[in-house]
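Asker: As annotated in Swiss-Prot:
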DOMAIN    20-210  domain 'Glutamine amidotransferase type-1'
ACT_SITE  97  active site, nucleophile
ACT_SITE  184  active site
ACT_SITE  186  active site
DOMAIN    211-409  domain 'GMPS ATP-PPase'
BINDING   238, 239, 240, 241, 242, 243, 244  ATP binding site
């Protein structure tokens, strides 16, 4: 997404007369998290490039501006800077980490290398408990990640808080409503970080909590009807929370003008294709075209062991099937995609190479592998969820009546079980893994742990091990259990699952799944590992 289209998207929101805050992104890994935290206060927020000008910001009429952190130092030759006219807009500004340092430098203060960098948790000593720090307890733990610090505050600024290593941990110009914090209130490690964010949103920016699931659904339905009119829309349905929520939303907006296509490539978990058709076709009367393509996909993977080659072949075959079936079922004017706001942020290329100052483009993942369709099948896009984060999609799904089993569904990779079978994928291995995975899901649910894990699944290894069953030697496959805890999937810890749960799962798998004689538990976090094995 270019800066121009990024602005166009933001102007669409501004045209709705919705209160919003904007985050100017200087390349921080936490910019998206800041936006999510503001949304949690029921106030809309958008992440924009730091290159957004003061005039462009004025067009958006935001209630407040947040300057994100970033990997640079403000005195680097290629350090990203915001338009200095921002300080003359009369809009409250909160600078976070690098954003605070940039504020200080542009307003006449001094930033320099800290005598000692501060990384991790630090206790906040509060010097002025009013305004920004209301309800933030003295000694609160805040998350630090900086090697520079403010040496001299600009004229008009006062000290709000410090830590043992950071003399200026929070500062303010109360008259102009400019605030800066050296720590990251948006991360979960900052104990009272949300209290600070709420103070800025409600008390300093004077926002009202108007960003709700109900208002989004109403606006989205109006937008869909206005855009689509009486034309037909095609949606590739996977059964995940994103495409399912999108299907429910589109069906409520345009009814039978929507056609859902479910391509069963043979790599879903046991019972999922049947359950999907039951939920959509039978229970909710949302028409789904079921495309049975299992043999085609399995043939394409014959003899293939490289994980990237498996992904490519699955993607290419998906496009071929989608092309054939959309021609058969069409014509369609629109293709609905479940693009989410993180995808929009990723494509905005706001990262900066500190050595060259060049923009670092970020490749956006293709959605459902429909990005390579031929030109005569280039549909117009409908992307009603493009302003939502994943947790907001779940809330919308619930409000639309989506079954809880889909709303709370653990993330499942597009290539499905094909990348949870290491090495070549065969019909025999798929059956083994489906049976093992079903036991994992059954026991995790039965014992009440499903919501405790980000993901909990089984992996089939391409080796065999010796075992003994009924006084006889066995030589069969080992299954790996992979349970992880995470907030967003970007990082993850291996879950300390109860031994009783693991024992029950292990006993059931070796006794009930033919071809398996050993179960092991993966205790690798991400990083250095990844959540999926392939």
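Every residue gets a Cβ built from N, Cα and C, even glycine.
Tell me about the surroundings of these features in the structure.
Answerer: The secondary structure of residue 97 (active site, nucleophile), as reduced to three states from DSSP, is coil rather than helix or strand.
In sequence order, 30, 69, 96, 97, 142, 143, 144, 145, 190, 193 are the residues near residue 184 (active site), counting only same-chain partners six or more apart with C-beta under 8 A.
Sequence-distant contacts (6 or more apart, same chain, Cβ under 8 Å) of residue 186 (active site) comprise 30, 33, 34, 36, 37, 96, 193, 197.
Around residue 244 (ATP binding site), taking its Cβ as the centre, 27 other Cβ atoms fall within 10 Å, counting all chains.
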Asker: List the residues in the vicinity of the ATP site, defined as same-chain residues other than 238, 239, 240, 241, 242, 243, 244 with C-beta within 8 angstroms of the site's C-beta centre.
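Answerer: So the additional residues around the site are 237, 245, 246, 338, 406, 409.
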Asker: Give me the count of other Cβ atoms within 10 A of the Cβ belonging to residue 97 (active site, nucleophile).
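Answerer: Cβ-Cβ neighbours of residue 97 (active site, nucleophile) within 10 Å number 24.
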Asker: List every residue in the same chain as residue 242 (ATP binding site), at least 6 positions away in sequence, whose Cβ is under 8 Å from its Cβ.
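Answerer: For residue 242 (ATP binding site), the qualifying residues are 338, 340, 385, 390, 393.
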